[in-house]
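Taking it in order: structure first as structure tokens, then the write-up.
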């Protein structure tokens with residue numbers, strides 16, 4: 001994130017005392033452990049030799065959770081737009097698959113790697129100059145250049161998908177967090193669904209398929225600087241370290257410090273947190289295993305649709321690439337309906353629960369996921385059995401609405417449930433989830449075209465619908481048994497988030 005120092009110095013924010021070991025346990029940075037210690041509590045101690053910098057009470061304006069709502073929404077929207085651009089870039093090339101394959105004399109399956117490799121980059125990449133990698137795609141003279149640069153685009157452009165969730169947790173309390181996360185999740189799905197719509201008309205126009213890459217580079221070059229300017233640092237440990245430095249310089253008291261500065265860089269611990277812990281959670285935690293499987297199937301199916309929809313609407317119904325991409329609008333409408341549902345649910349039921357209990361049990365996040373789990377297979381089977389070209393196109397196109405609702409509710413609530421369930425280990429849990437999700441998103445388009453040609457649109461989509469029915473019990477299982485499973489976990493606290 002772009003960083004803008006804003007630390008103020010106040011004697012009341014410096015506490016003398018306490019065991020520093022106690023201090024480390026009680027004041028974990030909010031973004032490092034996602035739903036950890038209460039960030040509104042001042043950091044204090046008892047050791048007379050220790051001078052710890054903390055917030056100036058629960059209402060300290062420097063605490064990101066106390067920033068004005070207008071500023072927090074500006075940051076949230078900026079991050080959402082950046083996410084939208086990256087996910088848009090991941091799918092727009094799907095409309096260029098056929099003309100590019102024809103130009104370079106390769107099969108459609110080979111050129112589909114242009115989409116798959118971009119999504120595969122999501123599994124491995126931090127953010128470094130993603131837009132630049134799109135320019136060689138637009139000017140490529142061979143398939144190898146396209147595929148390598150598409151992978152690099154996904155690799156370099158993936159950081160919004162990794163860090164936005166943590167930034168939103170730094171900014172928002174539980175109810176508002178659900179609403180803010182819906183913007184992030186909406187961008188995650190509206191972006192890739194909008195890509196083929198714009199790409200279809202660009203490919204069909206005189207601009208040609210290469211302009212799908214130029215448009216992506218232009219959009220990224222526009223929104224990247226906006227995010228850089230408008231998005232400050234939100235991580236509590238970093239902000240307090242800056243504040244401590246400011247106090248040291250102004251008071252010349254070199255003993256003053258933040259808790260984060262007490263911790264030496266430990267390569268072994270860092271490797272454990274980044275590599276070992278996510279893998280262990282993916283293998284040992286039932287919640288991570290099943291929720292990740294469900295979310296990954298949903299995520300992969302979005303990218304499979306970029307191959308399935310052209311088969312059904314362009315090849316079977318004979319539509320051109322521009323008009324043939326318009327049925328994706330129904331999925332976007334479904335995603336928007338899902339966002340509205342989450343906002344209403346958060347403002348009503350979740351608000352009442354927090355007022356009554358003082359905290360939000362993670363299992364309450366699963367109720368909308370159950371609704372999404374019902375809509376998801378309905379949309380797939382509806383799409384499958386209205387796909388006959390002799391049937392009017394309207395019913396088949398409208399199947400995208402329940403499909404979009406299901407995708408949105410399953411993905412968003414699954415992600416938020418993981419955050420609430422694992423709190424201080426949520427980053428590791430989300431890392432494991434993101435890698436598997438990206439592998440599904442990269443893999444599904446590879447077999448989509450062959451499956452749809454072999455089985456036909458009706459039976460190929462029906463198979464996916466039957467799998468979705470089989471996954472429907474996942475949120476029900478954790479709604480009923482989630483608390484007991486959490487008590488047996490090595491990585492999840494026994495209670496709900498504060």
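The chain as shown is numbered from 1 upward.
Each residue, glycine too, has its Cβ placed from N, Cα and C.
The feature transmembrane segment, as given by TrEMBL for the ranges 108-131, 180-203, 252-275, sits at 108-131. Comparing 73-96, 424-447, 459-481 for CB pairs under 8 angstroms to the transmembrane segment (279-304), the maximum falls on 424-447. Long-range neighbours of the transmembrane segment (73-96) within the same chain, counting only residues 6 or more positions beyond its ends whose Cβ lies under 8 Å from a Cβ of the stretch, are 111-112, 114-115, 118-119, 122, 130, 134, 137, 150, 153-154, 157-158, 160-161, 164, 167-168, 171-172, 180, 183-184, 186-196, 198-200, 202-203, 209-210, 212-213, 215-216, 219-220, 223-224, 226-227, 230-232, 234, 303, 306-307, 310, 321, 325, 441, 445. Here the transmembrane segment (424-447) has Cβ contacts under 8 Å with residues 28, 31-36, 90, 94, 109, 112-113, 115-117, 119-123, 161-162, 165-166, 273-274, 277-279, 281-282, 285, 288, 291-293, 295-297, 299-304, 306-307, 415, 418, 491-493 of the same chain, all six or more residues outside its ends.
Annotation: stretch 391-412 has the most Cβ pairs under 8 Å to the transmembrane segment (366-385), among 151-172, 324-345, 391-412, 459-481. Counting only same-chain residues 6+ beyond the ends of the transmembrane segment (391-412), those with a CB under 8 A from a CB of the stretch are 181-182, 185-186, 188-189, 193, 294-295, 298-299, 301-302, 312-313, 317, 326-339, 341-342, 368-369, 371-380, 382-383, 468.
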